Amino acid sequence: MLAWSKSIGRCTVSFISVLLTQLALFLVPLFFSASPILIQLTLSALVLVVVLGFGGWCKRLLGFNASAPAFVFCSIFFIWGVHIAIVRQAISPVMDVLFNVEMIMLIIGLFRIMLKDPGFVSSLLQMRARYCKSCQTYVQGFDHHCPAFGNCIGQKNYVLFMVLLVGFITAEISYIVCSSQFTSKFRVLEENRVESGSILVMARSTLLFCVLQVLWQGPFLIWHVYCICFNIRTEEWVNWKNYPAFQLNASSLSGENYQETSFKNPHNKGILQNVKEFLTLK
């Protein structure tokens, strides 16, 4: 009962955080509609930083913090709700169906990656098993612990993680396109009625939110494509000095008593073979 109570509390904090985030983002295009998009994006990014600070404050005050997966779910449903209630009025039926399918697939993918075993093992005897401090266990092919998905990313769910990451970026770009079409089509209504103006501001604020998501998820995707092509994990790259297999010791110059240690990747088999190995992960 205590665990359930704590989970409900964390989800409640996440729900409130999403509402506060979207409300704060709503104020950016409301008061800075004439400002360049770069200024609006900067202000929106500051809003997200404040929300993170709010999460830390809740942890200190209430004894528990927000649930990152719950925040992700609530954000998805909020954006989806805005699309259904507002944005879909200005887009084609095909685009509407496509976006709805993308959102359904995202939700299914989130449930799968949260529940899927990433490759938990009991010891370091398994190849490339690394210790996850968050889960307090060893994970084979460990890349990183993903707070947003509430699970480790390892050998058994790395492919699903990449598919889901591409799915998020695709859905966000789709929403940016749909919301842009809406704001362009109904811009004239902003001068006629306050209600229409509020609707347009909501469409713009959620557009800014999705643009910010793409701006950080895009480089994140590029990094993981690089890791796949060269058969390296994020944890191995960050902590390679802790693993002798990734160290190459070069002889020092004559008369000096030190050795220079550089990085080497013992798992790199060439890009084609590395990609094939990734696609056949079990």
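Just so you know, glycine gets a Cβ as well, placed from its N, Cα and C.
Bear in mind that TrEMBL entries carry predicted annotations, made automatically and left uncurated.
The domain 'Palmitoyltransferase DHHC' feature in TrEMBL is assigned to 126-241. Sequence annotations record features per position, and here TrEMBL assigns transmembrane segment to 12-32, 38-58, 70-91, 97-115, 158-177, 197-216.
According to DSSP, the secondary structure content of the domain 'Palmitoyltransferase DHHC' (126-241) in residues is 76 helix, 14 strand, 26 coil. Mean model confidence of the domain 'Palmitoyltransferase DHHC' (126-241) amounts to 88 (pLDDT, 0 to 100 scale). With Cβ pairs under 8 Å as the measure, the transmembrane segment (197-216) is packed most heavily against 158-177, out of 38-58, 70-91, 97-115, 158-177.
Through the fold, the transmembrane segment (158-177) approaches residues 79, 83, 87, 95, 98-99, 102-103, 105-106, 109-110, 112-113, 116, 118, 141, 143, 146, 149, 206-207, 210-211, 213-214, 217-218, 220-221, 224, 228, 278-279, 281 of its own chain, all at least 6 residues removed from its boundaries and within a Cβ separation under 8 Å.
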